[in-house]
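Asker: What Swiss-Prot shows for this protein is this:
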- Cys32, Cys57, Cys118: [4Fe-4S] cluster binding site (BINDING)
Amino acid sequence: MTVHVTGCSTATADQLVSREIRTESGQREVFCGLTGIVWLHRKIQDAFFLVVGSRTCAHLVQSAAGVMIFAEPRFGTAIMEEKDLAGLTDANDELDRVVTQLLARRPDIKLLFLVGSCPSEVIKLDLSRAALRLSQRFSPGVRILNYSGSGIETTFTQGEDACLASLVPELPAQTDTKPSLLVVGSLADVVEDQFARMFEALGVGNVAFFPPRKSTALPSVGPNTKILMAQPFLPDTVRALEERGAKRLAAPFPLGVEGTTGWLRAAADAFGVDPAKFEQVTAPNRARAERALSAFKSELGGRRIFFFPDSQLEIPLARFLSRELDMQLVEVATPYLHREHLAEELKLLPIEVALTEGQDVDDQLDRCRIARPDIVVCGLGLANPLEAEGITTKWSIELVFTPIQGYEQAADLAELFARPLVRRAKLVA
(Lines of atoms letter the chains of each structure in order from A; the text may use other names.)
(Lines give C-alpha, C1' and ligand atoms only; values in the text may rest on other atoms or scores of the structure.)
Protein backbone atom coordinates (compact mmCIF):
# COMPACT_ATOMS: atom_id res chain seq x y z
CA MET A 1 0.00 0.00 0.00
CA THR A 2 1.06 3.59 -0.57
CA VAL A 3 0.63 6.47 1.86
CA HIS A 4 -1.43 9.14 0.09
CA VAL A 5 -0.77 12.75 1.00
CA THR A 6 -2.61 15.74 -0.39
CA GLY A 7 -0.73 18.04 -2.73
CA CYS A 8 2.06 17.26 -5.17
CA SER A 9 5.15 18.14 -3.16
CA THR A 10 8.24 16.01 -3.48
CA ALA A 11 9.54 13.75 -0.76
CA THR A 12 11.97 14.79 1.96
CA ALA A 13 14.66 12.45 3.29
CA ASP A 14 12.47 11.52 6.28
CA GLN A 15 9.48 10.86 4.05
CA LEU A 16 11.58 8.59 1.85
CA VAL A 17 12.26 6.38 4.85
CA SER A 18 8.57 6.25 5.81
CA ARG A 19 7.14 5.99 2.29
CA GLU A 20 5.45 2.65 1.86
CA ILE A 21 6.14 0.70 -1.31
CA ARG A 22 3.89 -2.12 -2.42
CA THR A 23 5.86 -5.33 -3.02
CA GLU A 24 4.52 -8.10 -5.23
CA SER A 25 5.95 -11.52 -6.04
CA GLY A 26 3.44 -13.18 -8.30
CA GLN A 27 3.48 -14.06 -11.99
CA ARG A 28 5.54 -11.67 -14.13
CA GLU A 29 5.62 -10.69 -17.80
CA VAL A 30 9.19 -9.89 -18.84
CA PHE A 31 11.83 -10.77 -21.43
CA CYS A 32 15.03 -12.51 -20.34
CA GLY A 33 18.52 -11.03 -20.12
CA LEU A 34 19.46 -12.31 -23.58
CA THR A 35 17.71 -9.21 -24.91
CA GLY A 36 20.64 -7.09 -23.70
CA ILE A 37 22.76 -8.57 -26.49
CA VAL A 38 20.74 -6.45 -28.93
CA TRP A 39 22.36 -3.20 -27.78
CA LEU A 40 25.59 -4.59 -26.29
CA HIS A 41 26.77 -6.18 -29.55
CA ARG A 42 26.47 -2.78 -31.21
CA LYS A 43 28.28 -1.03 -28.37
CA ILE A 44 31.39 -3.20 -27.97
CA GLN A 45 32.47 -3.31 -31.58
CA ASP A 46 35.09 -6.09 -31.38
CA ALA A 47 33.07 -8.41 -29.13
CA PHE A 48 30.96 -11.43 -30.03
CA PHE A 49 28.09 -12.82 -27.94
CA LEU A 50 27.65 -16.59 -28.24
CA VAL A 51 24.43 -17.74 -26.60
CA VAL A 52 24.51 -21.33 -25.42
CA GLY A 53 20.83 -22.15 -25.62
CA SER A 54 17.86 -23.39 -27.59
CA ARG A 55 16.33 -22.43 -30.93
CA THR A 56 13.90 -20.26 -28.97
CA CYS A 57 16.86 -18.29 -27.61
CA ALA A 58 18.20 -17.86 -31.14
CA HIS A 59 14.84 -16.64 -32.47
CA LEU A 60 14.46 -14.17 -29.58
CA VAL A 61 17.81 -12.47 -30.09
CA GLN A 62 17.64 -12.41 -33.87
CA SER A 63 14.07 -11.10 -33.93
CA ALA A 64 14.74 -8.45 -31.29
CA ALA A 65 17.87 -7.25 -33.09
CA GLY A 66 16.15 -7.13 -36.47
CA VAL A 67 19.33 -8.34 -38.17
CA MET A 68 19.45 -10.98 -40.87
CA ILE A 69 21.85 -13.76 -39.92
CA PHE A 70 23.63 -13.62 -43.31
CA ALA A 71 24.71 -10.06 -42.39
CA GLU A 72 27.11 -11.72 -39.92
CA PRO A 73 26.19 -9.74 -36.80
CA ARG A 74 28.33 -9.97 -33.67
CA PHE A 75 26.09 -12.50 -31.97
CA GLY A 76 25.04 -16.10 -32.54
CA THR A 77 23.67 -19.17 -30.80
CA ALA A 78 25.28 -22.52 -30.10
CA ILE A 79 22.01 -24.45 -30.27
CA MET A 80 21.54 -27.20 -27.73
CA GLU A 81 19.80 -30.19 -29.28
CA GLU A 82 17.74 -32.83 -27.50
CA LYS A 83 20.77 -35.11 -27.29
CA ASP A 84 22.66 -32.38 -25.41
CA LEU A 85 19.81 -31.87 -22.97
CA ALA A 86 19.54 -35.64 -22.47
CA GLY A 87 23.25 -35.93 -21.70
CA LEU A 88 23.96 -38.18 -24.70
CA THR A 89 26.83 -35.97 -25.88
CA ASP A 90 29.57 -34.01 -24.14
CA ALA A 91 28.31 -30.44 -24.33
CA ASN A 92 31.78 -29.10 -23.53
CA ASP A 93 33.30 -30.85 -26.54
CA GLU A 94 30.57 -29.44 -28.77
CA LEU A 95 31.09 -25.96 -27.35
CA ASP A 96 34.85 -26.14 -27.94
CA ARG A 97 34.22 -27.15 -31.54
CA VAL A 98 31.78 -24.28 -32.15
CA VAL A 99 34.09 -21.69 -30.57
CA THR A 100 37.07 -22.92 -32.61
CA GLN A 101 35.07 -22.66 -35.84
CA LEU A 102 33.76 -19.22 -34.91
CA LEU A 103 37.16 -17.72 -34.09
CA ALA A 104 38.70 -19.20 -37.23
CA ARG A 105 35.97 -17.61 -39.33
CA ARG A 106 35.89 -14.28 -37.50
CA PRO A 107 39.47 -13.18 -36.72
CA ASP A 108 38.18 -9.69 -35.87
CA ILE A 109 36.76 -10.98 -32.57
CA LYS A 110 38.85 -9.83 -29.60
CA LEU A 111 36.34 -10.51 -26.83
CA LEU A 112 34.00 -13.50 -26.75
CA PHE A 113 31.15 -13.78 -24.26
CA LEU A 114 29.68 -17.22 -23.60
CA VAL A 115 26.13 -16.34 -22.59
CA GLY A 116 24.20 -18.78 -20.45
CA SER A 117 20.48 -19.38 -20.96
CA CYS A 118 17.67 -21.25 -19.27
CA PRO A 119 18.51 -24.56 -21.06
CA SER A 120 22.23 -24.38 -20.30
CA GLU A 121 21.52 -23.63 -16.65
CA VAL A 122 18.98 -26.46 -16.39
CA ILE A 123 21.61 -29.04 -17.41
CA LYS A 124 24.22 -27.32 -15.18
CA LEU A 125 26.63 -26.57 -18.01
CA ASP A 126 29.53 -24.77 -16.31
CA LEU A 127 30.27 -21.93 -18.71
CA SER A 128 32.70 -20.30 -16.28
CA ARG A 129 35.01 -23.31 -16.51
CA ALA A 130 34.50 -23.44 -20.27
CA ALA A 131 35.45 -19.76 -20.57
CA LEU A 132 38.59 -20.31 -18.49
CA ARG A 133 39.58 -23.36 -20.53
CA LEU A 134 39.02 -21.62 -23.86
CA SER A 135 40.74 -18.42 -22.71
CA GLN A 136 43.89 -20.38 -21.94
CA ARG A 137 43.71 -21.88 -25.40
CA PHE A 138 43.06 -18.71 -27.40
CA SER A 139 44.87 -16.05 -25.34
CA PRO A 140 46.33 -13.52 -25.79
CA GLY A 141 44.52 -12.87 -29.06
CA VAL A 142 41.01 -13.41 -27.69
CA ARG A 143 39.64 -12.84 -24.20
CA ILE A 144 36.77 -15.22 -23.36
CA LEU A 145 34.31 -14.47 -20.55
CA ASN A 146 30.90 -15.73 -19.51
CA TYR A 147 27.72 -14.44 -17.93
CA SER A 148 24.12 -15.56 -17.56
CA GLY A 149 21.32 -14.18 -19.70
CA SER A 150 18.83 -16.63 -18.25
CA GLY A 151 15.28 -15.47 -17.69
CA ILE A 152 14.92 -17.43 -14.46
CA GLU A 153 14.02 -14.80 -11.84
CA THR A 154 15.47 -11.89 -13.83
CA THR A 155 14.32 -9.10 -16.10
CA PHE A 156 15.76 -8.18 -19.47
CA THR A 157 18.01 -5.25 -18.52
CA GLN A 158 19.85 -7.45 -16.03
CA GLY A 159 21.62 -8.97 -19.01
CA GLU A 160 23.74 -5.83 -19.34
CA ASP A 161 24.45 -5.83 -15.61
CA ALA A 162 25.66 -9.44 -15.73
CA CYS A 163 27.75 -8.74 -18.84
CA LEU A 164 29.50 -5.67 -17.43
CA ALA A 165 30.02 -7.29 -14.03
CA SER A 166 31.87 -10.15 -15.76
CA LEU A 167 34.12 -7.58 -17.44
CA VAL A 168 35.05 -5.65 -14.27
CA PRO A 169 37.80 -8.11 -13.15
CA GLU A 170 39.47 -7.55 -16.53
CA LEU A 171 39.79 -3.78 -16.03
CA PRO A 172 43.39 -2.69 -15.42
CA ALA A 173 44.29 -1.26 -12.03
CA GLN A 174 44.49 2.51 -11.87
CA THR A 175 48.08 3.75 -11.62
CA ASP A 176 47.41 7.48 -11.92
CA THR A 177 46.88 9.33 -8.64
CA LYS A 178 44.70 11.93 -10.37
CA PRO A 179 40.94 11.41 -9.94
CA SER A 180 39.08 9.91 -12.89
CA LEU A 181 35.42 9.69 -13.85
CA LEU A 182 33.90 6.43 -15.08
CA VAL A 183 30.46 6.69 -16.70
CA VAL A 184 28.83 3.28 -16.23
CA GLY A 185 26.13 1.92 -18.52
CA SER A 186 25.63 1.57 -22.26
CA LEU A 187 24.86 4.79 -24.07
CA ALA A 188 24.30 5.37 -27.77
CA ASP A 189 27.50 6.62 -29.39
CA VAL A 190 25.91 9.97 -30.22
CA VAL A 191 24.91 10.47 -26.57
CA GLU A 192 28.32 9.38 -25.33
CA ASP A 193 29.99 11.90 -27.63
CA GLN A 194 27.70 14.68 -26.38
CA PHE A 195 28.51 13.92 -22.76
CA ALA A 196 32.24 13.69 -23.51
CA ARG A 197 32.14 17.18 -25.03
CA MET A 198 30.17 18.48 -22.06
CA PHE A 199 32.66 17.08 -19.54
CA GLU A 200 35.51 18.57 -21.53
CA ALA A 201 33.82 21.98 -21.56
CA LEU A 202 33.33 21.76 -17.79
CA GLY A 203 36.97 20.91 -17.28
CA VAL A 204 36.30 17.41 -15.94
CA GLY A 205 39.27 15.49 -17.26
CA ASN A 206 40.21 11.83 -17.40
CA VAL A 207 36.71 10.61 -18.33
CA ALA A 208 36.03 7.07 -19.58
CA PHE A 209 32.87 5.20 -20.51
CA PHE A 210 32.06 1.60 -19.54
CA PRO A 211 31.44 -0.46 -21.59
CA PRO A 212 34.00 0.92 -24.05
CA ARG A 213 33.55 0.79 -27.80
CA LYS A 214 36.61 -1.47 -28.10
CA SER A 215 37.49 -4.23 -25.66
CA THR A 216 41.16 -3.46 -26.25
CA ALA A 217 40.63 -0.03 -24.62
CA LEU A 218 39.30 -1.03 -21.20
CA PRO A 219 39.25 1.83 -18.67
CA SER A 220 41.30 1.55 -15.50
CA VAL A 221 39.69 1.52 -12.06
CA GLY A 222 40.92 2.12 -8.53
CA PRO A 223 40.51 4.21 -5.37
CA ASN A 224 40.67 7.46 -7.34
CA THR A 225 37.84 6.45 -9.69
CA LYS A 226 34.47 8.12 -9.29
CA ILE A 227 31.47 6.28 -10.77
CA LEU A 228 28.60 8.10 -12.46
CA MET A 229 25.78 5.70 -13.30
CA ALA A 230 24.16 6.32 -16.69
CA GLN A 231 21.66 3.45 -16.27
CA PRO A 232 19.75 2.46 -13.11
CA PHE A 233 19.87 -1.31 -13.66
CA LEU A 234 23.54 -2.05 -12.87
CA PRO A 235 23.78 -2.91 -9.14
CA ASP A 236 26.13 -5.90 -9.59
CA THR A 237 28.45 -3.93 -11.86
CA VAL A 238 28.63 -1.00 -9.45
CA ARG A 239 29.23 -3.34 -6.52
CA ALA A 240 32.11 -4.98 -8.39
CA LEU A 241 33.61 -1.58 -9.20
CA GLU A 242 33.27 -0.47 -5.59
CA GLU A 243 35.11 -3.62 -4.52
CA ARG A 244 37.94 -2.38 -6.75
CA GLY A 245 37.99 0.87 -4.75
CA ALA A 246 35.78 3.10 -6.94
CA LYS A 247 33.27 5.47 -5.33
CA ARG A 248 29.77 6.08 -6.69
CA LEU A 249 28.49 9.64 -7.07
CA ALA A 250 24.89 10.11 -5.89
CA ALA A 251 22.92 11.60 -8.78
CA PRO A 252 19.63 11.39 -10.63
CA PHE A 253 19.77 9.74 -14.04
CA PRO A 254 20.29 11.85 -17.19
CA LEU A 255 16.71 11.79 -18.49
CA GLY A 256 15.20 15.15 -19.32
CA VAL A 257 16.56 18.59 -18.47
CA GLU A 258 16.35 18.22 -14.69
CA GLY A 259 17.88 14.75 -14.58
CA THR A 260 20.70 15.61 -16.99
CA THR A 261 21.53 18.79 -15.07
CA GLY A 262 21.61 16.96 -11.73
CA TRP A 263 23.70 14.19 -13.23
CA LEU A 264 26.27 16.59 -14.68
CA ARG A 265 26.30 18.65 -11.48
CA ALA A 266 27.20 15.59 -9.42
CA ALA A 267 30.32 15.13 -11.54
CA ALA A 268 31.09 18.84 -11.58
CA ASP A 269 30.86 19.10 -7.79
CA ALA A 270 33.05 16.03 -7.31
CA PHE A 271 35.73 17.54 -9.54
CA GLY A 272 35.57 21.04 -8.07
CA VAL A 273 34.03 22.82 -11.06
CA ASP A 274 33.11 26.42 -10.25
CA PRO A 275 29.29 26.85 -10.08
CA ALA A 276 29.49 29.88 -12.37
CA LYS A 277 31.31 27.84 -15.00
CA PHE A 278 28.78 25.02 -14.66
CA GLU A 279 25.98 27.51 -15.28
CA GLN A 280 27.79 29.02 -18.26
CA VAL A 281 28.40 25.64 -19.91
CA THR A 282 25.00 24.05 -19.29
CA ALA A 283 22.63 27.04 -19.59
CA PRO A 284 22.43 27.12 -23.43
CA ASN A 285 21.76 23.38 -23.59
CA ARG A 286 19.14 23.60 -20.85
CA ALA A 287 17.35 26.46 -22.55
CA ARG A 288 17.32 24.70 -25.90
CA ALA A 289 15.99 21.48 -24.35
CA GLU A 290 13.31 23.33 -22.38
CA ARG A 291 12.09 25.06 -25.55
CA ALA A 292 11.92 21.72 -27.35
CA LEU A 293 10.00 20.12 -24.46
CA SER A 294 7.44 22.91 -24.34
CA ALA A 295 6.01 21.70 -27.65
CA PHE A 296 4.87 18.46 -25.97
CA LYS A 297 3.31 19.88 -22.80
CA SER A 298 -0.02 20.54 -24.47
CA GLU A 299 -0.24 16.91 -25.58
CA LEU A 300 1.08 15.27 -22.39
CA GLY A 301 0.17 17.72 -19.61
CA GLY A 302 -2.53 16.33 -17.34
CA ARG A 303 -2.48 12.90 -19.00
CA ARG A 304 -2.54 9.91 -16.65
CA ILE A 305 0.20 7.29 -17.04
CA PHE A 306 0.59 3.79 -15.57
CA PHE A 307 3.93 1.92 -15.49
CA PHE A 308 4.14 -1.87 -15.51
CA PRO A 309 7.50 -3.20 -14.23
CA ASP A 310 9.83 -4.13 -17.06
CA SER A 311 13.01 -2.14 -17.79
CA GLN A 312 13.99 -0.68 -14.37
CA LEU A 313 13.87 2.75 -16.05
CA GLU A 314 10.39 3.34 -14.67
CA ILE A 315 11.23 5.63 -11.73
CA PRO A 316 13.54 8.05 -13.63
CA LEU A 317 11.00 8.15 -16.47
CA ALA A 318 8.16 8.86 -14.05
CA ARG A 319 10.14 11.70 -12.48
CA PHE A 320 10.78 13.23 -15.92
CA LEU A 321 7.18 12.94 -17.10
CA SER A 322 5.61 14.27 -13.90
CA ARG A 323 7.98 17.17 -13.23
CA GLU A 324 8.84 18.36 -16.74
CA LEU A 325 5.69 17.46 -18.68
CA ASP A 326 3.03 17.63 -15.94
CA MET A 327 1.79 14.08 -16.43
CA GLN A 328 -0.14 12.42 -13.59
CA LEU A 329 1.36 9.19 -12.22
CA VAL A 330 -1.29 6.56 -11.52
CA GLU A 331 1.14 3.80 -10.52
CA VAL A 332 4.87 3.39 -11.00
CA ALA A 333 6.00 -0.22 -10.82
CA THR A 334 9.55 -1.45 -11.32
CA PRO A 335 10.99 -4.99 -11.23
CA TYR A 336 13.60 -4.11 -8.58
CA LEU A 337 13.92 -0.90 -6.58
CA HIS A 338 17.49 -0.20 -5.45
CA ARG A 339 16.84 2.36 -2.71
CA GLU A 340 20.43 3.65 -2.62
CA HIS A 341 21.00 4.02 -6.36
CA LEU A 342 17.56 5.60 -6.88
CA ALA A 343 17.57 7.80 -3.78
CA GLU A 344 18.01 11.04 -5.74
CA GLU A 345 15.15 10.05 -8.06
CA LEU A 346 12.81 9.08 -5.23
CA LYS A 347 13.32 12.50 -3.62
CA LEU A 348 11.92 14.12 -6.76
CA LEU A 349 8.80 11.95 -7.13
CA PRO A 350 5.48 13.23 -5.76
CA ILE A 351 5.06 11.81 -2.27
CA GLU A 352 1.54 10.56 -3.07
CA VAL A 353 2.57 8.40 -6.04
CA ALA A 354 1.81 4.68 -5.80
CA LEU A 355 5.10 2.75 -6.03
CA THR A 356 5.30 -1.00 -6.61
CA GLU A 357 8.33 -3.27 -6.56
CA GLY A 358 7.95 -6.60 -8.34
CA GLN A 359 4.83 -7.81 -10.07
CA ASP A 360 1.72 -9.89 -9.73
CA VAL A 361 0.55 -9.35 -13.28
CA ASP A 362 -3.10 -10.29 -12.75
CA ASP A 363 -3.51 -7.95 -9.78
CA GLN A 364 -1.73 -5.15 -11.60
CA LEU A 365 -3.85 -5.60 -14.71
CA ASP A 366 -6.94 -5.31 -12.51
CA ARG A 367 -5.68 -2.04 -11.03
CA CYS A 368 -4.84 -0.74 -14.50
CA ARG A 369 -8.29 -1.56 -15.88
CA ILE A 370 -9.98 0.15 -12.96
CA ALA A 371 -7.80 3.27 -13.33
CA ARG A 372 -8.21 3.49 -17.14
CA PRO A 373 -5.06 5.62 -17.62
CA ASP A 374 -4.44 7.60 -20.81
CA ILE A 375 -1.28 5.63 -21.55
CA VAL A 376 0.41 2.52 -20.16
CA VAL A 377 4.13 1.70 -20.32
CA CYS A 378 4.56 -2.07 -20.47
CA GLY A 379 6.29 -5.01 -22.11
CA LEU A 380 5.39 -6.38 -25.53
CA GLY A 381 3.48 -9.29 -24.04
CA LEU A 382 0.94 -6.97 -22.41
CA ALA A 383 0.77 -4.24 -25.04
CA ASN A 384 -1.44 -5.92 -27.64
CA PRO A 385 -4.06 -7.22 -25.16
CA LEU A 386 -4.30 -3.76 -23.55
CA GLU A 387 -4.55 -2.07 -26.95
CA ALA A 388 -7.40 -4.45 -27.79
CA GLU A 389 -9.17 -3.17 -24.67
CA GLY A 390 -8.80 0.41 -25.90
CA ILE A 391 -5.87 1.35 -23.65
CA THR A 392 -2.99 3.21 -25.32
CA THR A 393 0.42 1.65 -24.69
CA LYS A 394 4.11 2.39 -25.07
CA TRP A 395 6.60 -0.49 -25.31
CA SER A 396 9.10 -0.18 -22.48
CA ILE A 397 11.79 -2.00 -24.46
CA GLU A 398 11.77 0.85 -27.01
CA LEU A 399 12.94 3.18 -24.24
CA VAL A 400 16.07 1.05 -23.82
CA PHE A 401 16.85 0.75 -27.54
CA THR A 402 16.38 4.46 -28.27
CA PRO A 403 18.89 7.24 -27.41
CA ILE A 404 17.00 9.14 -24.68
CA GLN A 405 19.69 10.49 -22.33
CA GLY A 406 20.94 14.07 -22.26
CA TYR A 407 19.71 17.52 -23.21
CA GLU A 408 19.62 16.92 -26.96
CA GLN A 409 17.41 13.85 -26.61
CA ALA A 410 14.93 15.27 -24.05
CA ALA A 411 12.37 16.20 -26.70
CA ASP A 412 12.86 12.85 -28.45
CA LEU A 413 12.03 11.15 -25.15
CA ALA A 414 8.87 13.22 -24.75
CA GLU A 415 7.84 12.41 -28.32
CA LEU A 416 8.04 8.68 -27.58
CA PHE A 417 5.13 9.15 -25.16
CA ALA A 418 3.23 11.68 -27.26
CA ARG A 419 3.28 9.58 -30.43
CA PRO A 420 0.98 6.73 -29.20
CA LEU A 421 -1.54 9.27 -27.90
CA VAL A 422 -1.56 11.12 -31.23
CA ARG A 423 -1.97 7.81 -33.07
CA ARG A 424 -4.90 6.80 -30.85
CA ALA A 425 -6.59 10.17 -31.39
CA LYS A 426 -6.31 9.79 -35.16
CA LEU A 427 -7.73 6.26 -35.05
CA VAL A 428 -10.69 7.35 -32.95
CA ALA A 429 -11.41 10.44 -35.07
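Yeah, the Cβs are placed from backbone N, Cα and C, and that goes for glycine too.
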Asker: Measure from the Cβ of Cys57 ([4Fe-4S] cluster binding site) and count the other Cβ atoms within 10 Å, all protein chains considered.
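Answerer: There are 26 of them.
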Asker: Which of these binding-site residues has the least crowded Cβ, counting other Cβ atoms within 10 Å: Cys32, Cys118?
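Answerer: With the binding-site residues Cys32, Cys118, fewest surrounding Cβ atoms within 10 Å: Cys118.
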Asker: Taking the centroid of the Cβ atoms of Cys32, Cys57, Cys118 ([4Fe-4S] cluster site), which other same-chain residues have Cβ within 8 Å of it?
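Answerer: Going along the sequence, the neighbours appear as Gly33, Leu34, Gly53, Ser54, Thr56, Leu60, Ser117, Pro119, Gly149, Ser150, Gly151.
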Asker: What three-state secondary structure does DSSP assign to Cys32 ([4Fe-4S] cluster binding site)?
Answerer: coil
